[in-house]
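J.: Got a structure for you, written out below as structure tokens; questions coming shortly.
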């Protein structure tokens, strides 16, 4: 590697282009190692050719701040690097204000609570006191039944102090914990809560949670997310403006920094191998063509939410929505294999994943590289049981079109005889709702699960594949190959 007189800043891969660059280029001469790579700062590589002028505004560049890179084909490039500096370092060093616990103290003293309403559960975080998830049901006579779990409270002082002591030690050593929030590594202050409702899946040990407070100047202490990261252990992310006065907890935008790689005499403006890779990507990027049916205005029917968040219910996650992609089989072959049960849909984000094999079973599972696969049979298919169920329930739901015709918008199937439930001592059972979902990706499928009652589930499956077979449903909602 050859250096300019001003030295070399860190060369950081901030995206696919830079990852490709690192694979294509190698430093030449000098015998020194490249700077250490990190993902903290994103970069973008530009290939301006032999002649160009450095930007005079924005990030600062110097002509002598460069590296000479050589490809496997002996193509040479002079890559000029931006002078990336952190203007917050001095402010952090000089900060003498309150620590994060002291900044959050007004919130804890106010006895205030924050709420997040999901499709079934409501989450209540009373700051400095407890975390509760609950569901209210009104019965005949307006009697209200409350189904609730405490995910943690402040009675478990040992857990609380352990979390806070760890956070204080990290702050002193400048190791503030961070969490990936929408692609941005964001600093947070953790508050531990233990002594929650006993968890039957963990030998009745109490549930526990970590509340992660992150800075957001315009927030009002909202609950951003609730996730069950492992069985009966939760993470709750809270947005608060109170931490924003502390420089170490402020949200920092990461602007993309441009690197300019000039081609040296005898070299093309861009490496040959990189151009070949880009051409291959263009070939693979086949545009999706919408058919006439998909060009029609979308109906106003109720649509299941498509939120990528694992949400806990009872001792298990109950609303987990995720999008997966089916291999590019031909549509006819894919439908045939789906209806035969040989092609299964998989989905879910978080601890639990779901497998649905049409006419066979619904499984809930978790895979761990150390302990292997944990699987729960949620329901198995029996056509006679389903037909009996269909006599008392709606197996085929219609949508009325503007021209007065009816089309099938959803079918529901009953799968019973699952594994015995610890709470009810009865077999688990699930109602599978198959619904058409228009998408720019014709092979996408969304799978999610609800648990409105203990061990009685609803599995939602939405896909463009289902659009092609819904109208074949008979009076019992059973599907067949289209003509």
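Every residue gets a Cβ built from N, Cα and C, even glycine.
Here the structure is a predicted model, which means the values were calculated and not measured.
What Swiss-Prot records for 113-126, 199-232, 215-244, 344-357, 421-455, 436-467 is disulfide bond, and it gives sequence analysis as the kind of evidence. Taken from Swiss-Prot, the feature domain 'MRH 1' applies to 111-246, supported by sequence analysis. Taken from Swiss-Prot, the feature domain 'MRH 2' applies to 342-469. For 195, the entry in Swiss-Prot reads N-linked glycosylation site. The signal peptide annotation in Swiss-Prot covers 1-33.
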J.: Rank the disulfide-bonded residues 126, 232, 436, 467 by the number of other Cβ atoms within 10 Å of each Cβ, and give the residue at the low end.
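T.: Relative to the other disulfide-bonded residues in 126, 232, 436, 467, 126 has the fewest Cβ atoms within 10 Å.
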J.: What is the pLDDT of the domain 'MRH 2' (342-469) when averaged and given as a whole number?
T.: 85
J.: Work through the disulfide-bonded residues one by one (199, 232, 455) and name whichever has its CA nearest to the CA of residue 126 (disulfide bond).
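T.: The answer is 232.
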J.: Using DSSP and collapsing to three states, where does residue 357 (disulfide bond) fall: helix, strand or coil?
T.: strand
J.: Can you tell which of the disulfide-bonded residues 215, 357, 421, 467 lies nearest to residue 199 (disulfide bond) in space, using Cα positions?
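T.: Considering only the listed disulfide-bonded residues, the nearest one is 421.
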J.: Is residue 113 (disulfide bond) helix, strand or coil when read with DSSP?
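T.: Residue 113 (disulfide bond) sits in a strand per DSSP.
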J.: Give the sequence-ordered list of residues that share a chain with residue 357 (disulfide bond), lie 6 or more positions from it, and have CB atoms under 8 Å from its CB.
T.: 341, 344, 345
J.: Among all protein chains shown, how many Cβ atoms are found within 10 Å of the Cβ of residue 199 (disulfide bond), not counting that one?
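T.: Within a 10 Å radius of the Cβ of residue 199 (disulfide bond) lie 18 other Cβ atoms.
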J.: Given the recorded positions 195, 232, 421, 455, 467, find the one whose Cα is closest in space to the Cα of residue 113 (disulfide bond).
T.: 195
J.: Rounded to an integer, what is the Cα-Cα distance in Å between residue 455 (disulfide bond) and residue 195 (N-linked glycosylation site)?
T.: 24
J.: Tell me, how many other CB atoms lie within 10 A of the CB of residue 344 (disulfide bond), whichever protein chain they belong to?
T.: 16
J.: I need the least crowded one of these disulfide-bonded residues (215, 244), counting other C-beta atoms within 10 angstroms of each C-beta.
T.: 244
